[in-house]
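Asker: This is the feature table in Swiss-Prot:
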- 1-19: signal peptide (SIGNAL)
- 40-66: disulfide bond (DISULFID)
- 217: active site, proton donor (ACT_SITE)
- 219-236: disulfide bond (DISULFID)
- 237: N-linked glycosylation site (CARBOHYD)
- 252: N-linked glycosylation site (CARBOHYD)
- 292: active site (ACT_SITE)
- 319: N-linked glycosylation site (CARBOHYD)
- 342-348: disulfide bond (DISULFID)
- 370-379: disulfide bond (DISULFID)
């Protein structure tokens, strides 16, 4: 799918090659092989699809029997879950969620936490499995103290795919200190409030692709520490937008690529946010972005006032490439499509903005503003960062080629915070003109194995120097 000849690879920039996955991602053993070893059906452990009986104990018992090789199987049906599960250890295991789990109970924490595991898979064989967090029951009273839906800590060689995460009381999906992960074919749908992050990543060697997020905070966001992160075919559908940060002390992020990101009615197309702090971000590519109706477009803000100032001169940003951005922004005079604000004592260096064409939906002018950002393109200045500057450029003519496609599933309004959010169907398209890397599970002639085979093939192609 992205297989290139050695000659073609030699012509690629070092930045693009280096900012790739560092090796294999995803589980080492197929789910079918795990199932043939052992299958632990939660209904054999007391689970009832009555939307009342807590499924937590049944999952724990099934996990105890299948964690060292096998599949915990949750059949189709509606299940209640008042427990907060911490599933620890295990190898060559999987959780197959073909039913729908409804969060009950008022405890915080994590609905599911998987930790210290390897060769793991969390998936639906039908693409109809879901976790319904019913977060509105907290949010209608102004509370964000409910549980996160799905968190991974210290897990290696794993995947999450073909499931929907809906209306989390807090964050939806977090990858904390993990390695060699693949996240794909997902729909995440949250309320119209901050603090309801879609996908948060502070890990190593992670491939996120073909994911739709609706919320009002992070779409797919990289936090520190992180390296070798590839994010592709992302649909931020009335969301906060993709981002990096917030960044604080001892930031350590490198070799990150975002590619094919479509953003509709969100806070930003991409934001890097910090205020003080220390450490660095290096080797970042942001390419093939389409946006419509967003408040901000490219927003690099080293003095972000929405976070408290962190001790330090600032986070050093170096070697950032922004290319092939198209579309429109909400109001280009109030919030221009390019904002690069870097700390005077930690200027941004080696930034390139190329093939960037966005135009305002309101009025007939827009601004490009840069402060202590050095490189090439628009308001950036040449230099090595030894001198400071601040400049604003006003543009009154629409750039050539800014027109861009839209998506047929663009939402007409946000989901609120005081009523249940419906479970969505996982889409089959996440970026205009881009084909998902893997068919939805259960799609091709009802054969989930075809989707699994496609996913496995694409995983092994994504190694350093083979993309």
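Placed from the backbone N, Cα and C atoms, the Cβ positions cover glycine too.
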Asker: Around residue 237 (N-linked glycosylation site), which of the listed recorded positions (40, 66, 217, 219, 252, 379) come within 10 Å, judging by Cα atoms?
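Answerer: The recorded positions passing the 10 Å Cα test are 219.
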Asker: Going by a 10 angstroms cut-off between Cβ atoms, which of the disulfide-bonded residues 236, 370 has the sparsest surroundings?
Answerer: 370
Asker: Would you identify the secondary structure of residue 342 (disulfide bond) according to DSSP, in three states?
Answerer: coil
Asker: Under a criterion of Cβ-Cβ distance under 8 Å and sequence separation of at least 6, what residues of the same chain contact residue 292 (active site)?
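Answerer: The list for residue 292 (active site) reads 263, 264, 265, 327, 328, 361, 404, 406, 410, given in order along the sequence.
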Asker: Where does residue 66 (disulfide bond) sit by DSSP, helix, strand or coil?
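Answerer: For residue 66 (disulfide bond) - judged by DSSP and reduced to three states - the answer is helix.
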Asker: Among the disulfide-bonded residues listed here (236, 370, 379), which has the Cα closest to the Cα of residue 342 (disulfide bond)?
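Answerer: Comparing Cα positions, the candidate nearest residue 342 (disulfide bond) turns out to be 370.
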Asker: Taking each of the disulfide-bonded residues 66, 342 in turn and counting other Cβ atoms within 10 Å of its Cβ, which one has the fewest?
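Answerer: Each of the disulfide-bonded residues 66, 342 was scored; lowest Cβ tally within 10 Å is 66.
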Asker: Between residue 40 (disulfide bond) and residue 319 (N-linked glycosylation site), how many Å separate their Cα atoms?
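Answerer: Given the Cα positions, residue 40 (disulfide bond) is 49 Å from residue 319 (N-linked glycosylation site).
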